[in-house]
Amino acid sequence: MAISDALNKRLRARRDEEDDFEDEVSDEMEDIDKDDESNSDVDRPNSESEESAELEEGSEEEDDDDDDISDNQSTASTNDKKALQSEFRQISFGALAKAQNSISKKRKRGEEPETDDKTQSTLNDIRERLRKAREQKLGLTRDNETKNNNSGGHSKPKPPTRSSKHAPTVQSSKMAVSRKRIVIEPPSNATKPRDPRFDPAVSSSSARRNSTSNAYTFLDEYRASEIKQLKDQLARTKDPKQREELKRQLTSAEDRQRTLENKKREREVLREHKQREKQLIKEGKKSQPYFLKKSELKKEVLKKKYESMGSRQRTKALERRRKKIAAKGKKDLPWARRGVE
């Protein structure tokens, strides 16, 4: 039959339109069956021919529409592919790695993969970020160019920032030069101003030391009179507190007087030794002077001290010194040997 031939004919159309077309054809078939039952056999060939013609025309129109739609879709798909490829080339590897890590994490957790809408939104976000970064970079370069133009190319470059606080600092090798300049250099042999009060050459001279000691000799008499007064007060007072205070003052004054006498005696020993060495060099018995060591100087001072004392004072001093040395030796002994003695 012509109807069966028309129905069996293959048509080029999309899946959705084909389903719609089959529904329409099925409806028309039902109508045709009803008309066939009601109409006579004479009218059947005319109706069949008309229906076949209509079906053929509809199929041709649908073929043309399908061709146009497929061409448009192919051009649109190629344009979309090119645009996507250009945009994907601009995406950094870091952003792609982050997206891949997030997708892999969600898959490990058992979450469902993102839909097309979500992927599209992520792509849009990446494009937006790239666009903003590009605009910001262009804006910064333009600002720098304008600043350089305004300043005449003499703007100070900003110091480079560190990637982290643990990274080494970058320092310029150009060091700032001081503003002070030596216009005229003074000659090397020019005399410099000096203060004689703090000049070591003046203060350390033996002549100055001798003159100072000679100028303040009255202090020795004053110290001796002070010691005599303290001894008289100590003999008269009976209050224990005052006696303790007077004893302390008397001991301090005597120690100070003894120290000054030792220093004076040491200076006398050194002066006599220098005079003796000078005399020997002058006589030709020596070519170079001999300088006393500290230990030798101490022995000479002690010898002179004992020579200046009387016989009774010397014996007392020697006895005190012997006891002092013995006590110092006992301190070094262990406790067992101390008990035996």
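In case you wondered, yes, glycine gets a Cβ from its N, Cα and C as well.
Taken straight from Swiss-Prot:
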- 116-150: coiled coil (COILED)
- 241-283: coiled coil (COILED)
- 17-40: compositional bias 'Acidic residues' (COMPBIAS)
- 48-70: compositional bias 'Acidic residues' (COMPBIAS)
- 109-146: compositional bias 'Basic and acidic residues' (COMPBIAS)
- 155-165: compositional bias 'Basic residues' (COMPBIAS)
- 203-215: compositional bias 'Low complexity' (COMPBIAS)
- 232-286: compositional bias 'Basic and acidic residues' (COMPBIAS)
- 313-328: compositional bias 'Basic residues' (COMPBIAS)
- 329-341: compositional bias 'Basic and acidic residues' (COMPBIAS)
- 1-216: region 'Disordered' (REGION)
- 232-288: region 'Disordered' (REGION)
- 304-341: region 'Disordered' (REGION)
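Through the fold, the region 'Disordered' (304-341) approaches residues 262, 265, 268-269 of its own chain, all at least 6 residues removed from its boundaries and within a Cβ separation under 8 Å.
Taken as a whole, the coiled coil (116-150) shows an average pLDDT of 72 in this prediction.
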